[in-house]
Amino acid sequence: MLPILQISADTDIENDYRSNTRDVNRCSSSPCRNGGQCTAFSKFFVCSCAQGFGGTTCEVTGADNQVPVISNCPTQGVTVTANAGDDFAFVTWPDLIVNDNSGHVNLVSSNGAPGNYAVGSRNVRYVYADASGLSATCSFVVTVNEVVGNPTVEVSLDELPGGVFQLDSYPGQYADNEDMSFIVRSNNPNLVLQMTFLVLDLRAGDILQIGSGSVIGNNVLGTFNGDRAPPAQPLTSTSNFAWCRFTSNSDGLSGTGFIFRIWKIQSRNVECFEVGVYVMIGL
Ligand SMILES: [Ca+2]
Ligand SMILES: [Ca+2]
């Protein structure tokens, strides 16, 4: 930490330039006391005082001339990616470690704290000061990035040749960081949809969710991952819409995904009216 520079009283630099400057070494009289380092200018000198000394000539003892030090400011910034579908994310950073030679620092101001932040970037700034008013600042940028997910794909079951719903990568393994949402509808509002698993091959943390209706995330009929066998009984929607959302994590572990068959039935009636095949393409 650099000591605070103390400037002598005669600091009229402009006049200094205008006058016929005599070649006088302003440090020749060793004006800086208590071990201070003198720097000479043509009409004044500057003392760089040793720790614990202050004043123009370092004559003041017991002075605090050391600014506080913040040792873990995240100057490179803090960046978080929001969960899929969210326009905010929880952002946190370590408690700042602030030290001062006096042993005491106070938080003067701050404009941020760990918590939820909206998508985008903003500056966060902390200012700490010691009892002498010497301050240290930690500023950094908090950034929340939005997941640019695939748009929800809505299809009519009538358009589907065969009723099989599967990842386009099947039988290969699905990729990391997938986030796909689909809505399947029957064009007949009097019919509901029934779904039966043919394959369920996911790894822990990779999740397939199936629900009733046309709002992704509402009226969940089942949530499946690698730890859970597919249900023996079909899943049945309560309207002519059903949705599914598949997300995979970033652990590099994947399976072949899933296949399920979708049927249109009359409500509370297991009679099959029609079967379609749907293969997810181009996601
Ligand atoms: Ca200090
Ligand atoms: Ca995985």
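In case you wondered, yes, glycine gets a Cβ from its N, Cα and C as well.
Feature annotation from TrEMBL assigns domain 'EGF-like' to 23-59. The disulfide bond annotation in TrEMBL covers CYS49-CYS58. Residues or ranges marked as domain 'HYR' by TrEMBL: 63-146. The domain 'CUB' annotation in TrEMBL covers 138-265.
Each residue in the domain 'CUB' (138-265) gets a DSSP state, and the totals come to 3 helix, 64 strand, 61 coil. CYS49 (disulfide bond) falls within neither a helix nor a strand when secondary structure is assigned with DSSP, and so counts as coil.
According to its DSSP assignment, CYS58 (disulfide bond) is coil.
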